[in-house]
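Written out below as structure tokens is the structure these notes cover.
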Amino acid sequence: MELHILEHRVRVLSLARPGLWLYTHPLIKLLFLPRRSRCKFFSLTETPEDYTLMVDEEGFKELPPSEFLQVAEATWLVLNVSSPSGAAVQAAGVTKIARSVIAPLAEHHVSVLMLSTYQTDFILVREQDLSVVIHTLAREFDIYREVGGEPVPVARDDSSNGFPRAQHGPSPTVHPIQSPQNRFCVLTLDPETLPAIATTLIDVLFYSHSPPREAASGGPGSSSIAFFAFSLIEGYISIVMDAETQKKFPSDLLLTSSSGELWRMVRIGGQPLGFDECGIVAQIAGPLAAADISAYYISTFNFDHALVPEDGIGSVIEVLQRRQDGLGS
């Protein structure tokens, strides 16, 4: 398999809900006029707490500082795994890279963020951790770094000088999980037809807000939550929304898989997770991979979110609760 280090240098930001009005103009520019901003990596995720933005340096320039905008200190690099065209199709999403990427990075104390889209899965690592990432994954992958749009092979360094060996160390923190009742769709859209849904998208993102709801907090079967994710990355659009919100959009423009599968969410974290802890994604992706369950995974500024097939949510909760009980004992 190949691991590509993409050219994007990404910043991760939290926009407080009361400050949304201040950023509507730059967000509309990033959403609908990417040629004007030259932004190639843009992701906006609405959660009950805030809006998480993942943007490259060009996109970051569009967002003026304010009391409403919180910026994570690190600059993040974007990794992407490509499988050979003839590879057997197994569970999709983060599950297929759980053993080969997520687990080894957790063992080497590398914190990761995940952004699954309709098209692929992006793994974000801090720029300062890149040498450890390359050293950790070089045995498993042919690694390429994009330079000027072209993949350049990264020399494999067989020496282990200066690199810590994988450690099991203290047990990871056991983070609570909840499963809101929403049923979600993972969709894409031909960028040429984006103007046709622009007014609906603006309405949903900026004007369709009920009063802020508490995050799902009633145990594994919590009520519905606000969640909407839009990404425009290298010209490809991906949208995650609940089935009720989808009804507002023209059905002939939004594309989904032929099965039209619906997904349920597992939300990870009782308190904001921060960016320093390692192994959070592995804590979820590992058990799902062992059970061969497909999952999309979206990290946000405060919490993580896994989307699993609707008909398997019961077994997913059981698998994860069993894992948590094992870690907590």
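Each residue, glycine too, has its Cβ placed from N, Cα and C.
Per Swiss-Prot, the features are as follows:
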BINDING   Ser111, Val112, Gly274, Ile280, Val281, Thr300, Phe301, Asn302, Phe303, Asp304  L-arginine binding site
DOMAIN    72-138  domain 'ACT 1'
DOMAIN    260-321  domain 'ACT 2'
MOD_RES   Ser14  phosphoserine
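In this structure, the residue listed as 'phosphoserine' is part of a beta strand by DSSP. Of the recorded residues, Gly274 (L-arginine binding site) and Ser14 (phosphoserine) place their C-alpha atoms 12 Å from one another. For Ser14 (phosphoserine), the spatially nearest entry among the binding-site residues Ser111, Val281, Phe301, Phe303 is Phe301, judged by CA separation. Gly274 (L-arginine binding site) has a Cβ environment of 12 other Cβ atoms inside 10 Å. Among the residues the record lists as binding L-arginine, namely Ser111, Val112, Gly274, Ile280, Val281, Thr300, Phe301, Asn302, Phe303, Asp304, the two farthest apart have Cα atoms separated by 14 Å. Using a 10 Å Cβ-Cβ cutoff, Val281 (L-arginine binding site) registers 26 neighbours. Across the range of the domain 'ACT 2' (260-321), the DSSP-based residue counts are 23 helix, 17 strand, 22 coil.
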